[in-house]
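> What follows is a structure written as structure tokens; I'll ask about it next.
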Amino acid sequence: MSHGELYHSMNKWTMPLIANIILFAVMQCGFAFLEAGAVRSKNSTNILIKNLMDQFVAGIAYWIFGFPFAFGNGNDFIGYTFWATYELEETKLALFFFQYVFAATAATIVSGAMAERCEFIAYIVYSILITGFIYPVVTHWVWSDNAWLTAGMDYTFNNETVTIGYKDFAGSGVVHVLGGIAALVGASLLGPRKGRFHKGSKTVVPIRGHSVPLAALGGFILLFGFLAFNGGSQLTISNAGDGEAISLSVVNTIISGSMSALVSLIINRLTGTSKWSLLTTLNGALTGMVAICAGCNVYHPWAACVVGFFAAIAYKLINTIVTSLYIDDPLDAVAVHFGGGSWGVIAVAFLHRTDGIVYNWDQASGMALAWQLCGLVTITAWTAVTSVLMFGILKLTGLLRVAPELEAKGLDIPKHGEPAYPTEAYGHGWEEKLAKILEHVELKDGDGFAKAFLGAPVKQTDVGPYENPEVNYMDTHSTTNLNDLESGKGTTNGTTGVPHVTSIDVKSTTKM
């Protein structure tokens, strides 16, 4: 391979692919663990399959029409070539891969805010529309060859002509503000989880997720993935200055996230629950990393510290406002992504190391602030309008929210048939499960597992509800003690000799 071919290969393929392998395998894994830990156990499978499907839905939607809308040849509003990558040059496939991961991230943000009560079909619909239309159009405005927001306008100050436009290096506005606004609209129209708010007494009831360790693991993975998210946005590695820009982006990401985590921890200790909160600290760190995305390549490290400081305040402010409006956001996605992203977009105008207001108090820097605000308002308005239409239609057609009884039972078993934590898998609860089976089956001669354990194949019906379905049933049918069953005193089926229990006393059984 010649020097020129090696240069071309590194520039067009290696860096984007490495960055996206990390983004794809690590960040989506982080989102999955974080969201799974933050919901109740009865909804874990539901949230995990949504995180998994984000990749696959985006893979098809973004391939067929998302990428063409974003980077196809077209006008200032939208692109309209390269459908399903038709006639797309192979040198641009790495760009497709990179942007596909960003599109999936935007959809993942929304799933967290709407967790535990959103219909699966509604999730499929909004994932297709966000990754295939809403996000690509914004991308076209900011990162394509026809990016009117980034191109800006020419201005003359002191007989010198300068071009000023919107700046967003790694997506504080394009990805995070968009995802945060869509999450806000979706959660608002979906409504809170049952029991979350009591408006009469103005009481906010905390609904805790089932696993802090899982959420923390997901957070750690996301913090690592953000280094690739921001550093990889340079897209190239072989041009002069690429190494320095990537290094600066990664360092600034660490500093901003660290400062935001510390300040969030202190704010919560002084004004919140008066506790040293792990989850608040984690969300604060993520907010700081979201905020730094827009300008991580153009800040001095001290400026990144400032960005992180105010990101923590933005997180607390938006979280308080959202809660006061009785909007239920289980993952604090709106506060993290909209709050952090909005501040991140604005911060570029103040702290850019050559053009920021802090360094140059002049008309040019003021106009740069105007363009950042213009970009923020444009992205917010576009996402809000399209999201209202999308979620509004789903709500009017009855497809947005699950039935109240399903929400109470949990979505894992009714929707997916796969409880994340089946009781019998722990070694306890097997007797109760067996008793339920025997109570609700038709016994016939058969082979295999059922014959070995029961002497017959099993036919079951789902009677719910469903953190621990067998215990719920037997709580309402308790006259015979479980010990009687174990000692053989229960009634038996004459053809098999297997105890056939009419009812069992399991009042001492611990519910999940």
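Backbone N, Cα and C atoms are what each Cβ position is placed from, and that goes for glycine too.
Take a look at what TrEMBL says about it:
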{"type": "TRANSMEM", "residues": "13-34", "note": "transmembrane segment"}
{"type": "DOMAIN", "residues": "21-421", "note": "domain 'Ammonium transporter AmtB-like'"}
{"type": "TRANSMEM", "residues": "55-73", "note": "transmembrane segment"}
{"type": "TRANSMEM", "residues": "93-113", "note": "transmembrane segment"}
{"type": "TRANSMEM", "residues": "120-143", "note": "transmembrane segment"}
{"type": "TRANSMEM", "residues": "169-191", "note": "transmembrane segment"}
{"type": "TRANSMEM", "residues": "212-233", "note": "transmembrane segment"}
{"type": "TRANSMEM", "residues": "245-267", "note": "transmembrane segment"}
{"type": "TRANSMEM", "residues": "279-300", "note": "transmembrane segment"}
{"type": "TRANSMEM", "residues": "306-327", "note": "transmembrane segment"}
{"type": "TRANSMEM", "residues": "334-350", "note": "transmembrane segment"}
{"type": "TRANSMEM", "residues": "370-394", "note": "transmembrane segment"}
> Grab the same-chain neighbours of the transmembrane segment (93-113) for me: Cβ-Cβ under 8 Å, and only residues 6 or more beyond its ends, written as numbers and ranges.
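Apart from its flanks, the transmembrane segment (93-113) reaches 12-13, 16-17, 19-20, 23-24, 27-28, 31, 34-35, 38, 47, 50-51, 54-55, 57-59, 61-63, 66-67, 70-71, 85, 123, 126-127, 130-131, 134-136, 139, 143, 171, 174-176, 178-180, 182-184, 186-187, 232, 235, 329-331, 333-334, 337.
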> Which range wins on Cβ pairs under 8 Å with the transmembrane segment (212-233): 120-143, 169-191, 245-267?
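Per the Cβ count, the answer is 245-267.
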> Quick one: mean pLDDT on the domain 'Ammonium transporter AmtB-like' (21-421)?
95
> Which listed range (55-73, 120-143, 306-327, 370-394) shows the maximal number of Cβ pairs under 8 Å with respect to the transmembrane segment (169-191)?
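If we count Cβ pairs closer than 8 Å to the transmembrane segment (169-191), 370-394 scores highest.
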> Give me the stretch from 120-143, 245-267, 279-300, 306-327, 334-350 with the greatest number of Cβ pairs under 8 Å to the transmembrane segment (370-394).
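It is 120-143 that shares the most Cβ pairs under 8 Å with the transmembrane segment (370-394).
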